[in-house]
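Contents: one structure, followed by commentary.
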Amino acid sequence: MTPAARLSAAIEVLDQYLSGTAAEKALTNWARRSRFAGSKDRAAVRDIVFDCLRKRESYSRSAGGLTGRGLVVAHAANVTHGLDDLRAMFTGEGHAPDVLGADEQTRLSLPQQNVYNLPAWLASELEVSVGEDALAIATVLTERAVVYLRVNLSRGSLDTAISSLATDGIVAVPHNLAKTALEVIENPRKVASSVAYTSGLVELQDAASQALCAGLPVAERMLDYCAGGGGKVLAYGDQSGAKLFAHDANPQRLRDLQPRAKRAGLKVQVLTTDACQKAEPFDLVLCDVPCSGSGAWRRSPEGKWSLTRESFEKLLAVQQEILREAAPLVAMNGVLAFATCSLFQSENEDQIAQFCAENNGWHCSFDRRFSPLEGGDGFYIAYLTRDTPT
């Protein structure tokens, strides 16, 4: 496919998305209809689509409308050098998009105001939560996410991992957020097939997520109560030597955990909700709760446009419910760790304050935010402990 044909394909995918189809589904539909498209073409079209989702508001303003064509015109203007280059892509010949109209060209020449590329109500949430950093963080969230790897130190050193990745053409360098973190700067799409990955030397994990796990308290028995794919329990286990347990309200989310644990050389016991309640108390219970995902919207930009006030309120209620469920599982001198990949105060500090106010005997002994301005995704972590009897 030519670069111009890729733009046409992205317009088609985005029009389907804007009509109500999930972005991933729209991409899959296009790929099935376009057997001629190679892997590089599919990757390029996906990159265009996701750039348009990250910058949906600013692109729709600059090109004159929230349409597939409007978004792609603005994207192309952002990555080409001037109108002449842009006109060369929009010729209407072959599989290229139609020629640029006079109105489109005029709009592209107008100065652009700073925008958050968020729905207005979420922009307000962000301003309340992070103050003067709001615009800078919103801007970072429009950029393509960095690919980070976690080195399993029980399998080898960072230097060993860097060398192994290099044999497969992948360039990675250490990142300062965590001692286990590598930033992939060349050929990230080769990671999944690399020897370093398939042998368990490295795992895909955001650098801030690694830092969060590295700071968790030492425990003999650790339960990841909302384990999902198990990234955090595996990161904790690689460095702690704790006996590891995992639970998720939806067991299907745990389907990748055991293969990942085997690859990492770790043992993780999966518990049902009933088994958790009957088990011996845990020194550390981590609740990485469902949330808006706002700290990771670079990776999942569709989420910021699909989140509604109603669904957000439901998430807040679920977060409190999970804390109430998990608290009795914590040993008397143990820690209940609450984590989100959210930037919003209402999902973070406010939730901790509410839980402590409604559950006598608990207090927050530590909390920390990880900002996207530090390089990784946005995260929040808080440690809840029981009050010492007087």
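Heads up, the Cβ atoms here are built off N, Cα and C, so glycines get one too.
TrEMBL lists 137-390 with the feature domain 'SAM-dependent MTase RsmB/NOP-type'. Sequence annotations record features per position, and here TrEMBL assigns S-adenosyl-L-methionine binding site to D248, D288. Marked as active site, nucleophile by TrEMBL: C341.
Distance from the CA of D248 (S-adenosyl-L-methionine binding site) to the CA of C341 (active site, nucleophile) is 17 Å. Each of the binding-site residues D248, D288 was scored by how many other Cβ atoms lie within 10 Å of its Cβ, and the smallest score goes to D248.
In the predicted structure, the domain 'SAM-dependent MTase RsmB/NOP-type' (137-390) carries a mean pLDDT of 96. The Cβ neighbour count for C341 (active site, nucleophile), using a 10 Å radius and every protein chain shown, is 26.
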